[in-house]
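The structure appears below as structure tokens.
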Amino acid sequence: MKIFNKAIIIATTVGAILSTSATAEVTEASSEKHAKAATQYRQAVFQLVRSNMGPLGGMAKGALPFDESVMQTNAVRLEQLADMMGDYLAVDTRKFDVETGAKDEIWENFSDVEKKVMALKTAAQGLQAAVEAGDESAYRGAIGKIGASCKSCHDDYKKD
Ligand code: HEC
């Protein structure tokens, strides 16, 4: 009986973990203060995304030499940031006067936004796979796919 209960607890916990990591639920900001903080955190995530993407972009353009250790580290970080992105994008700040580059459509099409987050995650994993394989001919393309995932979301959900 005890073992049975334990199995249920484990199964429920695993289920809860899986469901929270797979989808974030849109919640409305509860006050102007909350909306401002949520916007700051959202932008902070993208600043970290930018700081990890910058060197990769430089390498893809040939402005910097390919550095496998930086590529691996930054690709892992981009994957981790993608894992956080859904939660940080899920706070709907539309009702409040915040300075944001986020378009209102984010919170109307959140499942599509999550697909674009997944595309970034998949692309970041793709770069890790290319580095693990040591396939230098694949580096530029793998970085390009990450860049395309940024653009695809910005085209639809970021102002200008
Ligand atoms: C799923 C959608 C999505 C993806 C994927 C995405 N972005 Fe963004 N990005 C946004 C949105 C929305 C904003 C506007 C946030 C705000 O101002 O509240 C933004 C803002 C930014 C900003 C400005 C942050 C600030 O301080 O105002 C930078 C820089 C940025 N993104 C870089 C990137 C890069 C680089 C990638 C890819 C590696 C990327 N983003 C992927 C949606 C996305």
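Including glycine, each Cβ sits where the backbone N, Cα and C put it.
Annotated features in TrEMBL:
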SIGNAL    1-24  signal peptide
BINDING   Cys150, Cys153, His154  heme c binding site
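Neighbour count (other Cβ atoms within 10 Å of the Cβ, all protein chains): 20 for Cys150 (heme c binding site). In terms of local Cβ density within 10 Å, Cys153 ranks first among the binding-site residues Cys153, His154. Taking the centroid of the Cβ atoms of Cys150, Cys153, His154 as the heme c site, the other same-chain residues with Cβ within 8 Å of it are Lys116, Ser149, Lys151, Ser152, Asp155, Tyr157, Lys158.
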